[in-house]
Structure formats: C-alpha cells, structure tokens
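TrEMBL annotations:
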- 30-133: domain 'Gnk2-homologous' (DOMAIN)
- 138-237: domain 'Gnk2-homologous' (DOMAIN)
- 1-25: signal peptide (SIGNAL)
- 263-283: transmembrane segment (TRANSMEM)
Amino acid sequence: MGFPSKPFSLLLCLSLFLFANPAQSATDYNTLVYKGCAKQTFQDPTGVYSQALSALFGSLVSQSTKTKFFKTTTGTGQTTITGLFQCRGDLSTGDCYKCVSGLPVLTDKLCGKTIAARVQLFGCYILYEVSGFTQVSGMEMLFKTCGATNIAGSGFEERRDTAFSVMENGVVSGHGFYTTSYQSMYVLGQCEGDVGDSDCGVCVKNAAQRAQVECGNAISGQIYLHKCFISYSYYPNGVPRRSSSSSSSSSSSLSGQNTGKTVAIILGGAAGVGFLVICLLFTRGLMKKHDDF
C-alpha cells in the first residue's frame, strides 16, 4: 500500500485543523435552540394566509436592519397575523439581520403552515400567531436545557444565586437586557421588547427560580419563558475579567464578556497552531519516506 500523495496529506491536515481549532467553533448565532409549532394548520385554498404571512415575514426581516425588536400585524379580519422578532441585546445590527433573515424559510421548513409558530435561534427568534390563537402566560416555560456537569459545594449555589440577583436588578436598569460575570459565574437575561422594566424583572426572577429547581447544581443552563429567557455558565477557573471588581454595571459586564471571548480565541489559536505544526511535521515525514522509496 503506497503512501498518500503530498497534496492530499497536506489537505487532510488542513481539514483536520479547521475542525480541531476551537476558534472555528465559536458561538453561532444561527444555531437552532428550539421550535414551537401549533398542531393546527390553516386552510388556505385562496392563498390569503400565505400572502399575509409572507408580507409579515418581509416586514420583520426588513426591520431587522434597523432595530433588534419589532412587532407588527398584517392581513385583515380572520386572516390577521401578528408577529415579531427579537435579537439578543449584544448583537450588532448587521448580525441581527443575518440571524433574522434566515428565519422565515427555517420556520416554514420546521413548522409548515401552522396557525402559530416560534423558532428560537441562539441569537434571535421569530414568532407569529394567526388571529384567534389561544394566548399563553408570559411566565410559561417553553424550553430548558441544563449542563450535563454538576457541582456541589465550593459556594457554587451562593455564587449562582447572587449572580441571578444582580441579573434580576440589571434587566430592570438595562431596560430588558443585561449580562455580567460574578465570581466565576456568567449570566445573561433578556425580556421581549414590549415588556415593561418592572415586569421584566419579575419574569427574569421567575426564570432564575426555575433554573434553580430545574437545573439544580448543573454548571450551566438556559431557561426560556414566553416573555423572557436567562442563560448562565459557571467557570471553575474563573471568568476572565479586566477588573477584580464585581461591579454590576453594563460597561464592566461587557468588558468581562469580551475578555472571555478574547481568551477563548487566544487559547483556540494556540491549540490550532500547535496542531498545525504537528500536521506539517507529519507531512514532512511522509514526504521523506516517500522520497526514500
């Protein structure tokens, strides 16, 4: 059996490098978190519902170039459809548009012509309801996910609960979005754009209480209620911060978040470079053996 050709060996290593490099696996805001599709589909012999839904989606995508939350209504009478989109508060306008623009096609693919649907990506979500659809409570839990790793002791629960308390106050002062790191705990909370500050604080507090019960000592989790969601992650070695202060201000929280991303990229790059060096040495060895033959 002969050795692989030189170009193929190098291509194989470069391909493995792309998959092994952690920097390439950074959070993708277009990753699907969950879908919620109504069981009932709308009867549309004349295409009136499809036209109204298409117009709604077009309006939502168009507005995503300008804002991170938008709610509107299209159609008339029984064909009235209300819909909205929302992006995470830390997304740029450009990333918001990129996230939202793919949702109409994805929603149709995942839910079809249902009378109501909600598709949640990591960075944004879209929701629509045909007139007459039964409303649900803003506190209803739609989805949860808890980390597989659990931790007990070491003050974990106290740190998590304190971070939750800071977040609950932060979403009120932050008008619906807040993120911060506190003693190795990173938390994020966001409410639907039309929820008032006070109600947002109540919703996020409810979500935090759900996380305590549903996820227990899991080191990470996400809880999605109808009108808000929270996410938390515990880093045993500490969330990198530029300041030792546990200030709950938006500026310090964002700097802490960005520092964490920077460190992840640096570590990923270092690991990638090391792997690439190994690949090059491997390729060189193959080339030498091939030449010896």
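Any Cβ shown, glycine's included, is placed from N, Cα and C.
TrEMBL entries are annotated by machine, without manual review.
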The domain 'Gnk2-homologous' (30-133) - residue tally per DSSP class, helix then strand then coil: 37 helix, 34 strand, 33 coil
Reported mean pLDDT - the domain 'Gnk2-homologous' (30-133): 95
